[in-house]
Amino acid sequence: MNEKQKLESGQVHPSDKKSEKDYSKYFEAVYIPPSLKDAKKRGKEAVTYHNDFKISEQFKGLGDGRKFYIRTYGCQMNEHDTEVMAGIFMALGYEATNSVDDANVILLNTCAIRENAENKVFGELGHLKALKKNNPDLILGVCGCMSQEESVVNRILKKHPFVDMIFGTHNIHRLPELLSEAYLSKEMVVEVWSKEGDVIENLPKVRNGKIKGWVNIMYGCDKFCTYCIVPYTRGKERSRRPEDIIQEVRRLASEGYKEITLLGQNVNAYGKDFEDMTYGLGDLMDELRKIDIPRIRFTTSHPRDFDDRLIEVLAKGGNLLDHIHLPVQSGSSEVLKLMARKYDRERYMELVRKIKEAMPNASLTTDIIVGFPNETDEQFEETLSLYREVEFDSAYTFIYSPREGTPAAKMKDNVPMRVKKERLQRLNALVNEISAKKMKEYEGKVVEVLVEGESKNNPDILAGYTEKSKLVNFKGPKEAIGKIVRVKIQQAKTWSLDGEMVGEAIEVK
C-alpha cells in the first residue's frame, strides 16, 4: 500500500511524526554546500531557456477548498518570487489569505543576506510550531535563499522537524510537484538544487497591486564579493532574452501599470552572458523607453558593470528615471580590495562624476557596510568623507554580518562590536543630516507623485513617491490613487515630504 492509499484509507495522517529518513542523499545528489572554489567553476554549464511552463493536469484542483499564505523576507527579488509562487498557487486552485490562522499552506520565503534576517525566520518557525500542532493538516514550507545554505537546512532538520517542505531559489517552478509530495508523504520533502536553474518563462504571477510592477531581467551574481552569500544562493548570472522582457513590459503597460522596476542581483551585468549577441542593460533600456509606461527604474547596480552606454541611454530621460542606487559598501580602497569589489575609491568617484555630468539632477543612493573585519578608524573616516563628497540622497547602512561559507567569514576580526555600533551611529547621523538637507530643497516646489494609496498613519492622507523615490504625503481624493499627480511641497522632513495637490485630481501622465 503506497502513501496515497494509506492516506485515503485513514491509516496514516499527514501530520504523523516525521520518520528518521536519511537526508544525506539530497546533499550528495542535489545539494552542495557553499564553496567559492566550486561555485567559480559553474560558468561552464550552458543555461537553457524554457518557454513552455504549464500546470500539469494531474495537479489542477490540488488547491480546491484550500488557502495559502506566503510571508516574504528580504529584497525585491524575493517579493517578485512570491508573486510567482502566488500565481502558481492560484493556478492550482488555492485561495490567498492574509491570516496564518486561515491558511492550509504557509510558506516562508527567506533571505540569507544577514544573520538578523535568518534569526527572524527561525523565530517565526517557533511561533508557527503551535499552529502546526493545533492544525496537523497544515503544510509548512521554507523556501528562498536560506534554503540554499546547508547549515540552515541541517538546523531545520534537527530543530524544526515539523516543517513539511524545503525548497530553494532554483526550482520554484516545481512548486506543484513539491506540494503534491508534501500532501502524500509523512516525511519532510527536501529539494534544494545547488546548480543554478534555467530561465523559465511564462510562469504565472499574482502581482501586488496594479500600479507598480517588478520585472526580472536576470538572475544570479558572479561577482563573489568576499562578504556576500548571494552568488551561492542565487547562482550564476543568467539573463532573460530581451524579447521576453519587452513583451512583459508592454503587457504591463497595456494593463495600466504606471511604473516598472527591472530586477537583478546585479542588474547592470545584464546581457554579459549572451553568446549570440552584444547586448547590455543600456541597449535594453533604450528599447524599453519607447514603451508607453510613465516610469522605469532598475535595481540593484554594481559599480563595476555600470558602463558608459548605460549612462548615455539614461541621460535621454523621458520615462527612464535618474534615481540610481549605486552601492559603494566602503569609502576605503583597502577595504574595497578585501571585499573583492574590483574597484577602488577613485574609480567609484569617477563613475559618480560621469553620472552627474550626464544627468546633473540625478539622485544617488547607496549601501554601506561598517565594521568589516579589521576596518580601522582611518578607513571608516574615508567612508564618511566619501559620503560627504557624493552627498547621497539616502543609504542602507549595516554592521558587517558574517555569512558561513564566504571568505570574509574566515577573516580574523579585531573590531569590537561596541566600536562597530558607534561607527554605525556616526554614519547614520551623517546620512540623516544630508537627507534632511536635500529634502529641505523641495519646499515650495511642485513635484510629480505616483499615488500608491492611503498613508499608513492616516487614512485621510494619500501617499506616493516622486521620480526620485521621495515619499510624499498629501490630502487628496481617493480617485487620485494609481495616478501621477502634481503636489506642491509645504514641509520637508528627514525621510518624507508633506504637501497639497495642485488643481483637480487630473493625471499628468
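If you go along the chain as it appears here, the first residue is 1 and each next one adds 1.
Glycine is treated like the rest: Cβ placed from N, Cα and C.
Features as listed in Swiss-Prot:
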type	residues	note
REGION	1-21	region 'Disordered'
DOMAIN	66-184	domain 'MTTase N-terminal'
BINDING	Cys75, Cys111, Cys145	[4Fe-4S] cluster 1 binding site
DOMAIN	207-437	domain 'Radical SAM core'
BINDING	Cys221, Cys225, Cys228	[4Fe-4S] cluster 2 binding site
DOMAIN	440-503	domain 'TRAM'
(request) Would you find the one among the binding-site residues Cys75, Cys145, Cys225, Cys228 whose Cβ has the most company, meaning other Cβ atoms within 10 Å? (result) Cys145
(request) Starting from the Cβ centroid of Cys75, Cys111, Cys145, the recorded [4Fe-4S] cluster 1 site, name every other residue in that chain with its Cβ within 8 Å, sequence order please. (result) Tyr73, Gly74, Met77, Asn78, Thr110, Ala112, Ile113, Ala117, Gly144, Val230, Thr233
(request) Work through the binding-site residues one by one (Cys221, Cys225, Cys228) and name whichever has its CA nearest to the CA of Cys111 ([4Fe-4S] cluster 1 binding site). (result) Cys228
(message) When secondary structure is assigned with DSSP, how many helix, strand and coil residues does the domain 'TRAM' (440-503) contain?
(response) 4 helix, 33 strand, 27 coil
(request) Could you state the whole-number distance in Å separating the C-alpha atoms of Cys225 ([4Fe-4S] cluster 2 binding site) and Cys145 ([4Fe-4S] cluster 1 binding site)? (result) 17
(request) Between Cys75 ([4Fe-4S] cluster 1 binding site) and Cys228 ([4Fe-4S] cluster 2 binding site), find the distance joining the two CA atoms and give it rounded to the nearest Å. (result) 14
(message) Can you give me the same-chain residues 6 or more apart in sequence from Cys221 ([4Fe-4S] cluster 2 binding site) with a CB-CB distance under 8 Å?
(response) Cys228, Val230, Pro231, Arg234, Lys236, Glu237, Gln265, Asn266, Ala269
(request) For the domain 'MTTase N-terminal' (66-184), jot down how many residues DSSP puts in helix, in strand and in coil. (result) 66 helix, 23 strand, 30 coil
(request) Starting from the Cβ centroid of Cys221, Cys225, Cys228, the recorded [4Fe-4S] cluster 2 site, name every other residue in that chain with its Cβ within 8 Å, sequence order please. (result) Lys223, Phe224, Tyr227, Ile229, Val230, Pro231, Gln265, Asn266
(request) Run through the Cβ atoms and count how many others sit within 10 Å of the one on Cys111 ([4Fe-4S] cluster 1 binding site). (result) 21
